[in-house]
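Going by TrEMBL, these are the annotated features:
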TRANSMEM  A:6-26  transmembrane segment
DOMAIN    A:11-156  domain 'DUF1468'
TRANSMEM  A:46-65  transmembrane segment
TRANSMEM  A:85-116  transmembrane segment
TRANSMEM  A:128-147  transmembrane segment
Amino acid sequence: MTSTTLRGLGIALFFGIVIWVLIPGYVPKPAFLPGFALPPDFWPRVISIAGLVFGLIAAGLGLAGQGTPALPAEVAEDDTPMGTLLARLGLLVAAFVAFVLLVDVIGFLAAAILLTGAGILLTGERRLLAWGAGLALILPVCLYLFFTEALGTQFPPGLLFN
Amino acid sequence: MLNELMTALQAVATLQNFLIMAAGIWGGVIIGAIPGMTGTMAVTLALPFTFYMDPVPSILLLVALYKGSTYGGSVSAILIRTPGTASAACTALDGYPLAQQGKAGKALNMALYSSVVGDFFSNISLIFLAAPLAILALKVGPPEYFMLMVFALTTVAGVSGNSLLMGLLSACFGLLLATAGEDMYGSFRFAFTGDMQAGLSVAPVLIGLFALPELIKLIVFRNPPKARAMALGDDRVSGKEFRGVAKTLFRGSFIGVILGAIPGIGPSAAAFFSYGSAQRSSPRGQNFGKGEIEGVAASESANNGACGATMIPLLALGVPGDVITGVMLGAFMIQGLTPGPLLFETNIHEVYMLFIGMLLSSVLLLFAGKFTMRIFTTIAKIPPTLLSPVVLLLCLFGIYAIGNSMFDVVVLLALGLVGFGMYLLDIPTAPFLIAFILGPMIEENLRRALATSRGDPMVLLSSPITWIFAALILFVVALTARREIGKANQRKAEAQ
């Protein structure tokens, strides 16, 4: 089975889950609807059925050897081992999750400084580390001051600094 | 109309507005000149800041960024053969060879003059076409609006990415995401958490989808563009050279206006069309691609010619034709203005202020381009490894500031990952965003149409206007399918 077929099947599966699991569970029908008004699940159901059909067509085209490739050319030609690519993506996702969790503990500013630093390190930048460190420290502070002083935004201070 | 325009001129001609537009143009030129940074990113990053501004200056800032970045895209195309925006891809074909010949400054100047001419034409067409179209739009009902929006969505799906099918699937994802939250009769759909009862805001979705995937790509694949910026060299465009391309400039501007006004087409297609047209009709057609200044003029006049014209369907019909006007629609909504025919009745003063501001921004574009030219070679060298985390930071602070909500920040990060996933699966993101923005309007018009017809779906084909849109939808689908079949046959032939 080609990646094009798998992509189509994956998309069809997603819309199938929406039709048979999410809409019945998370789109409650009201007890009364005025006149010929349509129920709230009508539109999501129409979209999901269209998505399901398109997904199956995409899978069918893949099986028939037609359809566009499931990966962009530059990704398909990248010779970096898959494990390395997944590890980098995993680290980035971990950095995002850590940022969201840390905001409540150390506050928005400190968490943003850490995330910026992590972002620069994860890009593989080693030549301009001093610039990167300066940027990760100074820019968040400048933005924080701009938003709090000029625009009056209140960022979460975090438990440690509250 | 003249009196209203004069009143609007007085209101726009303030130092504050000039500074805002100048900052927008200048910022747009710089951002567009940085490889990997697009006009969409410039406009989306500025969106959170507009939340704190008055309606007209905030829209003028976004329009200025759009125009500036469209011209700025030509800078990296000419100096390092890396188009800053997709619409500058044709500019690189002749601009870079000119730079190799020591004429980078000349190519940049021609790109600037062409952009300003195209932009001016575009603004004039906006002023004269938007109001009549809005008056016409007042006479149509929900079925016509529904069909118009489906047409816009189909066109965007057809021209984005490599496959109509993937474009339509992307639109389905966007439409589905837009159904989250409270519907028009007060039912809560897909409210997995308390925060989701209000639905997802436009800003985190579009910024996450368009700004963050670039950072994620850089981190995962680590292949930033590596190219050396060329020196400016000879930078004078002679009167003879300018007169020699005048016809191409006007034709390019006209093409830009026409293609820009059709929802879903936009500056990139206009630039390619204009370039091809100029190549066929020019006596120097055989020099195109080898450093012909007329090629730069054709591409740049068309892509900037489309900028103002993309505002025509947005202002007159409330339908964004591309991602950037989609962002602007979000900005209008944040400011409490609803683009569409009623805007010309309820906020005509603001509309005229916008028109005047856009005309002034054409002049500012000329000055900003001239003053920025000397630092272009430096701008083009900024490493993306430092730049992308800065973009992330701007997104985080901006999105939190709009709604004072960590939920929006979570949506931003999640949509960034979704955008990256769509890139990996070769699913275009533009139809997703346009569908997400248009989704509530499409649903509302469909439900109203069906309610008034007592559930008869034939109401969607009940008037000549709906037939026209249905025919256009079929035409777009047939045209795209034909193009894709041709490409598939070509791929097969190359494989054998």
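The backbone N, Cα and C atoms fix where each Cβ goes, and this holds for glycine too.
TrEMBL annotations: computationally assigned, not manually curated.
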Would the transmembrane segment (A:85-116) count as touching the transmembrane segment (A:128-147), if touching means at least three Cβ pairs under 8 Å and pairs must be 6 or more apart in sequence? yes
Residues of the domain 'DUF1468' (A:11-156) by DSSP state, where helix covers H, G and I: 104 helix, 0 strand, 42 coil
Averaged over the domain 'DUF1468' (A:11-156), what pLDDT does the prediction give? 88
